[in-house]
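Inspection log for the structure reproduced underneath, given as structure tokens.
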Amino acid sequence: MTGISIGVVRRPNEADVATIRSLAEAAERADGVAPLPEQVLLHLKRSGDADADADTDAWHFVARRLSPQGSELTGYAFLDKSNAEEGPTAEVVVLPDARRQGVGGALLDALRMKVRRGDKPIRVWSHGALPAAAALAAKRGLEPVRELWVMSRPLADVPPAPTPPDGIRIATFRPGVDDEAWVEVNARAFAHHPEQGSMTVQDLRDRMAEPWFDPEGFFLAWRGAKLAGFHWTKVHDHSAYGDGPVGEVYVVGLDPAEQGHGLGRTLTEVGLRHLHDRGLGEVILYVEADNTPAVAVYTKLGFTRRSADVMYQL
């Protein structure tokens, strides 16, 4: 006899973390898209640190298939309830060989049970807008409420880096020196973006500790002593985006006072040229599907829609 068991913990143990990572890698190979975003992977990485994320209302859900031979970890979900204004968000991934066997549905049920009556509805991401996820969403009556596009372009014909606007100096990020200034401007630039705008100095330093971090690809635009904007690039050494390394416009942000003067495009082009000069052949970026002005800007810069992530509401 077999069944599904769901465990809910604040901090998964080391063995489960390793298995969850392997599960996510198997899903990425099968689907061609990473099932878990960077923030969840950082939570998993810090799970052994009792002091990390102490003020974060986050939970890990581990699904196991039970049989007379033992148990096998076949699914995982992450629930973040920290943002009271936006409501809880979740990520779900199921081992490819265990799909269409009730694991995804069991995880959704467990997520629902973790939210108190009166809380805002849970919103669940589907990365890559996969048919299996859409079928489960339709079966459970989930409604799509947000769509995030992945856009890409080749880097072969990127022009030289442009001259900055008058009064602007562009320099690379100095770890330990520019941290606080960047966090302050990032918060203002993304005041209405719950994930990006809430980043703390510790969140920044967590990313600086990752193997992919390169300050030479992190560009800051200064107006005198004041930070006006930034373009942080990233390189995926191996990923679902291609056989070789792929660049990313990781995040571009401007102080609100600097918007509308072309600085965002300048910073974007500086970063694209940097990725080109590193010998990369392609670059991607993420943009809200309903952000028509941003989509128009990126389209003019040669980007086209490659795939989409869809958020469903439970």
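Glycine residues also receive a Cβ, built from the backbone N, Cα and C atoms like all the rest.
Going by Swiss-Prot, these are the annotated features:
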DOMAIN    18-156  domain 'N-acetyltransferase 1'
BINDING   Val92, Val93, Val94  acetyl-CoA 1 binding site
DOMAIN    168-314  domain 'N-acetyltransferase 2'
BINDING   Val252, Gly253, Leu254, Gln259, Gly260, His261, Gly262, Leu263, Gly264, Arg265  acetyl-CoA 2 binding site
Inter-residue C-alpha distance, Val92 (acetyl-CoA 1 binding site) and Val252 (acetyl-CoA 2 binding site) (nearest angstrom): 28
Inter-residue Cα distance where the pair is Val94 (acetyl-CoA 1 binding site) and Gly264 (acetyl-CoA 2 binding site), in Å: 38
Among Val252, Gly253, Leu254, Gln259, Gly260, His261, Gly262, Leu263, Gly264, Arg265, the record's acetyl-CoA 2 binders - longest CA distance, Å: 15
Least surrounded among the binding-site residues, given as Val92, Val94, Val252, when other CB atoms within 10 Å are counted: Val252
Residues near Val93 (acetyl-CoA 1 binding site) in space but at least six apart in sequence (CB under 8 A): Leu23, Ala24, Ala27, Pro35, Leu36, Gly75, Tyr76, Ala77
For the acetyl-CoA 2 site built from Val252, Gly253, Leu254, Gln259, Gly260, His261, Gly262, Leu263, Gly264, Arg265, further residues of that chain with CB within 8 A of the site's CB center: Gly229, Glu258, Thr266, Leu267
Val94 (acetyl-CoA 1 binding site) to Val252 (acetyl-CoA 2 binding site) - Cα separation in whole Å: 32
Neighbour-count leader, CB within 10 A, binding-site residues: Gly260, Gly262, Gly264: Gly264
DSSP-derived class (H/G/I helix, E/B strand, else coil) of Gly260 (acetyl-CoA 2 binding site): coil
Shell of the acetyl-CoA 1 site beyond Val92, Val93, Val94, same chain only (C-beta within 8 angstroms of their C-beta centre): Ala27, Pro35, Gly75, Tyr76, Ala77, Glu91, Val103, Gly104, Leu107
